[in-house]
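Going by Swiss-Prot, these are the annotated features:
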- 33-53: transmembrane segment (TRANSMEM)
- 77-98: transmembrane segment (TRANSMEM)
- 83, 182: heme b b562 binding site (BINDING)
- 97, 196: heme b b566 binding site (BINDING)
- 113-133: transmembrane segment (TRANSMEM)
- 178-198: transmembrane segment (TRANSMEM)
- 201: ubiquinone binding site (BINDING)
- 226-246: transmembrane segment (TRANSMEM)
- 288-308: transmembrane segment (TRANSMEM)
- 320-340: transmembrane segment (TRANSMEM)
- 347-367: transmembrane segment (TRANSMEM)
């Protein structure tokens with residue numbers, strides 16, 4: 001008798017991707033975050049769909065429609081807070097996923113890595129346009145400040161900003177198109193995720209030892225399905241605790257005030273997951289320079305496969321690069337903290353130092369430590 005999952009044209013694809021997929025036997029819990037990101041994406045699409053049924057993308061009613069969802073819709077408050085805090089969980093998983101990729105040298109699978117960078121940019125774009133939708137003070141001013149950065153582009157900047165706004169300021173046209181973008185982008189992300197998985201399954205997964213694991217593979221199901229299930233349960237528990245006990249802890253108090261173009265908040269800042277990039281943007285006095293640094297802060301991830309000269313895969317047996325890696329993580333946390341602080345001394349100075357350190361570590365220190373460790377091996 002033929003096994004249906006191995007012969008059916010559609011089930012065969014699922015079987016090769018999630019059931020009979022040969023997987024290294026030693027991958028640790030740090031490899032769980034890929035599946036957790038998939039779950040986060042599904043949660044966001046489902047909760048977002050139900051929110052879109054009640055939300056109105058009009059400047060006069062957007063704020064009150066969000067209030068209506070929380071007060072009058074059955075479990076609307078839960079759907080709204082799961083969606084808002086689900087975004088935070090998404091980015092926590094995303095940062096850990098990228099961090100693991102850097103630590104264990106997953107960037108050598110360059111196609112998968114580069115699609116991952118595109119996914120990172122797309123997710124950031126989705127989160128940004130989504131943050132604007134509740135039409136609170138920070139939503140409005142965040143949209144105004146960040147879109148205005150495009151005016152730094154020589155010659156076409158001002159025209160480009162007015163084109164994105166749909167007028168001469170952030171208004172009804174802007175909100176409507178941002179809602180349209182926010183609705184379509186998660187499906188574009190889903191398409192890129194499939195390409196990401198396609199490239200990954202072409203080469204096979206990396207593993208903590210950094211050695212070739214072809215001689216030691218096990219089927220994905222049941223070993224890693226059970227392991228992923230545990231991760232998913234922990235993620236859902238963390239998300240539920242966040243959404244039910246501390247729903248507004250990661251939000252901004254200014255967003256409880258409806259958008260007012262005549263009143264600027266004291267400190268304009270984006271959501272916490274953008275603060276590191278925002279700190280890099282603010283640390284450069286020149287507008288165009290700041291925008292380029294902002295883009296480079298993520299795009300520099302593409303440099304990892306190019307700058308890697310190490311004879312060893314991953315950092316597990318490389319103490320010098322390990323130290324530099326953890327310095328990089330600490331520096332990233334400092335940037336995140338500084339991004340949320342007001343623009344005054346000593347934060348401006350510390351932000352500029354942390355921004356320079358961020359790029360120096362990736363471009364200079366990591367390749368240098370690779371060379372040093374290669375020479376130590378030769379001794």
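Using N, Cα and C of the backbone, Cβ positions are placed for all residues, glycine too.
Note on proximity: of the binding-site residues 83, 97, 182, the one nearest the residue listed as 'ubiquinone binding site' is 97, by Cα distance. Put simply, of 33-53, 113-133, 226-246, 320-340, 347-367, the stretch with the most CB pairs closer than 8 A to the transmembrane segment (178-198) is 113-133. Just going by CB pairs under 8 A, the stretch in 77-98, 320-340, 347-367 that sits most against the transmembrane segment (288-308) is 347-367. Among the listed stretches 33-53, 77-98, 226-246, 320-340, the one sharing the most Cβ pairs under 8 Å with the transmembrane segment (113-133) is 77-98. By the criterion of other Cβ atoms within 10 Å of the residue's own Cβ, the least surrounded of the binding-site residues 83, 97, 182, 196, 201 is 201. Put simply, residue 196 (heme b b566 binding site) is 24 Å from residue 83 (heme b b562 binding site) when counted between their Cα atoms.
Of the recorded residues, residue 182 (heme b b562 binding site) and residue 196 (heme b b566 binding site) place their C-alpha atoms 21 Å from one another.
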